[in-house]
Amino acid sequence: MASSTIISRKMIKLLSPTPSSLRCHKLSFMDHINFPLHSPYAFFYPKIPQNYSNKISQVLENSLSKVLSFYYPLAGKINNNYTYVDCNDTGAEYLNVRIDCPMSQILNHPYNDVVDVVFPQDLPWSSSSLTRSPLVVQLSHFDCGGVAVSACTSHTIFDGYCLSKFINDWASTARNMEFKPSPQFNASTFFPLPSETNLSSTLPATRPSQRHVSRMYNFSSSNLTRLKDIVTKESHVKNPTRVEVASALVHKCGVTMSMESSGMFKPTLMSHAMNLRPPIPLNTMGNATCIILTTAMTEDEVKLPNFVAKLQKDKQQLRDKLKDMKEDRMPLYTLELGKNAMNIIEKDTHDVYLCSGMTNTGLHKIDFGWGEPVRVTLATHPNKNNFIFMDEQSGDGLNVLITLTKDDMLKFQSNKELLEFASPVVESTK
C-alpha cells in the first residue's frame, strides 16, 4: 500500500477580504439537517506539460486564493449549532504531499480504496466540520511526475452540485485569472431555519466510519443503449435515462448478491438524491436536494423494466408534489423522507441501497491548465451498498463507484449480468 509524506501545509487566504456585510452567512434548514461530513473528490493527471511542471502548486494556490473571494464561506468557520458560518477569512487548508509510488499503481489497482492516499488523512466522510476548514485541498505528487488534486468540502455548506460548480470555477480561474464566478450564497432565503423548531433535535446523529471496499465500473454508451432497449421493449417505459437503467441493473445485482448470502429474497429500498435546481436558481449555493425512495417488495419488481418503471413513477410523483409545495415546506418534507428511510434501516426490514449522481457536472473534464483528468473518483464511502454515478472520461457512458462489504463485493463482482453490461475501470497511465 502506498504511503504519503507531507511536504508542506498552509492556509490559503482570500485574495480580496470578505465585506463585513457578508461576515455572517446564515445556513439554511437544508444545510442544517445534512450530515456534517467532508465530501472528498480527487482528480488524477498523469502527464504534466513541461511548462507547468515547476509551477503547479503556485497556479493552484493563486487561483484558489482568488476563487475563495467568491466562495468565502469555505474560508470561514461553522458555528457550534450549525446555524451560520463566521466568514472570518481564516482561509482554506492546503497540503503538498509526496506519494511513494507511480500513479499507475493506484489507478490500475482492482479496488478503489487505494485512492484514499491522495486525501488528507482521516478527513474524508468524517464529521470534522467544526474542527477543520470547510475546504481542505491536497496536491499529491507521484514518483512518475503525475499529480492528483483532491478537495474535501463540508457538506454543511455544499451539496454535490455546489462542489462541482466550485471546482469548475476554480479550474476556470486557474486558466484565466480574469474569470469571475457568480455564486449566490442565499439558500437560507429559500429554506430558512424555522424559529419554532428545536434545532438540536433535527441534527442527524453521526455514524462511526466503517471500512468497506469500493470498485469502479464503466457502462459504455453502447451497453447503456442495450439496457434501454431491454427496458423499453419489455414495458411501457419511455425514454429511460442512463442513470435509471444502470441503477436498476446494480440494484438487481445487489439483490442477487443478498439472496446468495441469505438464501431468500428480502424487500429493498433504493434512495436517489434529486437536485432542486430548478425550481431553485442554478447559482444558489448550499444544500438543495431531496431524496426519491423506491421499494421492491417482490422479486418480480426487481426485474429491470419493472424497477425502472417504479423509479420513473416515484420520481414524477416527487416532482408533482414539490411543484405545488411552498419552498419553506421543502426542508421539512425532505427531513420527513429521510426519517422514513432511517426508520426502515433501523428496523432492518429491507436491504437499503443509497444512490447519488454527479453526472452532467463537467467534473470529468476539470482542466486547471494542464489537461483533463484520466480519473475522477471519491474516497471509499463509509456506508455499504452505496452507488455513486459519474460521467465517464470520454463519451456518453457512465462510471459507477460501488461500495460494499468485502464479502459482498466478492459475490457482486462475479455477477454475470453485471459483467455483460459493465466492466471494472482500470487505467494505463504509461
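Note: Cβ is positioned from N, Cα and C throughout, glycine not excepted.
Over in Swiss-Prot, the protein carries these features:
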ACT_SITE  His155  active site, proton acceptor
ACT_SITE  Asp367  active site, proton acceptor
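Other Cβ atoms within 10 Å of the Cβ of Asp367 (active site, proton acceptor) number 16 in total over all chains. Note: the Cα of His155 (active site, proton acceptor) and the Cα of Asp367 (active site, proton acceptor) are spaced 24 Å from each other. Of all the Cβ atoms in the protein chains shown, 22 others lie within 10 Å of the Cβ of His155 (active site, proton acceptor).
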